[in-house]
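Participant: Provided herewith is a single structure, encoded as structure tokens, for subsequent inquiry.
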Amino acid sequence: MLSSLNVLQSSFRGKTALSNSTLLQKVSFAGKEYPLEPIDEKTPILFQWFEARPERYEKGEVPILNTKEHPYLSNIINAAKIENERIIGVLVDGNFTYEQKKEFLSLENEYQNIKIIYRADVDFSMYDKKLSDIYLENIHKQESYPASERDNYLLGLLREELKNIPEGKDSLIESYAEKREHTWFDFFRNLAMLKAGSLFTETGKTGCHNISPCSGCIYLDADMIITDKLGVLYAPDGIAVHVDCNDEIKSLENGAIVVNRSNHPALLAGLDIMKSKVDAHPYYDGLGKGIKRHFNYSSLHDYNAFCDFIEFKHENIIPNTSMYTCSSW
């Protein structure tokens, strides 16, 4: 058996001519072995553009940022041209006008493998939980402690926020649907990757008949540039994510997420964390802690080694190009 790092490096090169022995490779972490699951050449690629300021676009423009500094629409179109045998989804949200929606339709008509998926058209209800239930569970948890151990300040805040939940808005999903900052992106990205293949089949998009509702998905930030076909990918237990490295300090990132099936248990673990905390964060808790929990990572382990184990990288992807420019927000 190859070491986990070597297996991942050799497998994530987009090579499609792999021997049977490669398909049987396993990698290990925390004393447990995991198969390197394949994600085939037909697995759809998903981009995301949630637009907080749709009014900034001119008439006739597709409302996805496309400037010299942030050529995100061009990157998506480039991916559709290179990966012309894959479906390229774009999950969008925002207060788009009728004319802007017509521009999205024109984009789909020009590039037949691009599918615009409106967040509001996707049924995410199976992942929802009442906000009141989350608050009540945390209130009851505090109340169960001996009086000397309770955080009375926190208890007061929880009770106050419970009372202030707007009528008709008692929903974790709805609370994020109304946000207009990065957690809006991050939360629905997690849900979209839980849906994976079913994100395409349930929304009735033409040309998606070959996608299984149980199949996986490849998410890429719009600042990632595809230079050639990705081929077959491999991921430990069917999941891998982008890893950033700054001054030799590594960190899990959500700029690329690969799953080989819908409802991946690592993402479900993250969703459970999101449903248990009143201050949960979709990036740190919903993705990072969910993956760590799934693979039994603890502070006793080497974090950089865990990042090497779970890292998705590919020689045909230039990642995180927006790091060289100012924020697109």
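Glycine too: its Cβ is placed from the backbone N, Cα and C atoms.
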Participant: Can you tell which of ASP223, ASP228, ASP237, ASP244 Swiss-Prot lists as binding Mn(2+) with ASN320, SER322?
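Facilitator: Answer, per Swiss-Prot (Mn(2+) site with ASN320, SER322), from ASP223, ASP228, ASP237, ASP244: ASP223.
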Participant: What residues, ordered by sequence, lie under 8 A Cβ-to-Cβ from ASP221 (UDP-N-acetyl-alpha-D-glucosamine binding site) and sit at least six positions away in the same chain?
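Facilitator: When sequence neighbours closer than 6 are ignored, ASP221 (UDP-N-acetyl-alpha-D-glucosamine binding site) has PHE47, GLN48, GLY255, ALA256, PRO319, ASN320, SER322 within Cβ distance under 8 Å.
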Participant: Over all shown protein chains, what is the count of other CB atoms within 10 A of the CB belonging to ASP223 (Mn(2+) binding site)?
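Facilitator: I count 21 other Cβ atoms within 10 Å of it.
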Participant: Spatially, and counting Cα to Cα, which of the recorded positions is closest to ARG159 (N-beta-linked (GlcNAc) arginine)? Options: TYR219, ASP223, GLU253, ARG293.
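Facilitator: Closest recorded candidate to ARG159 (N-beta-linked (GlcNAc) arginine) by Cα: ARG293.
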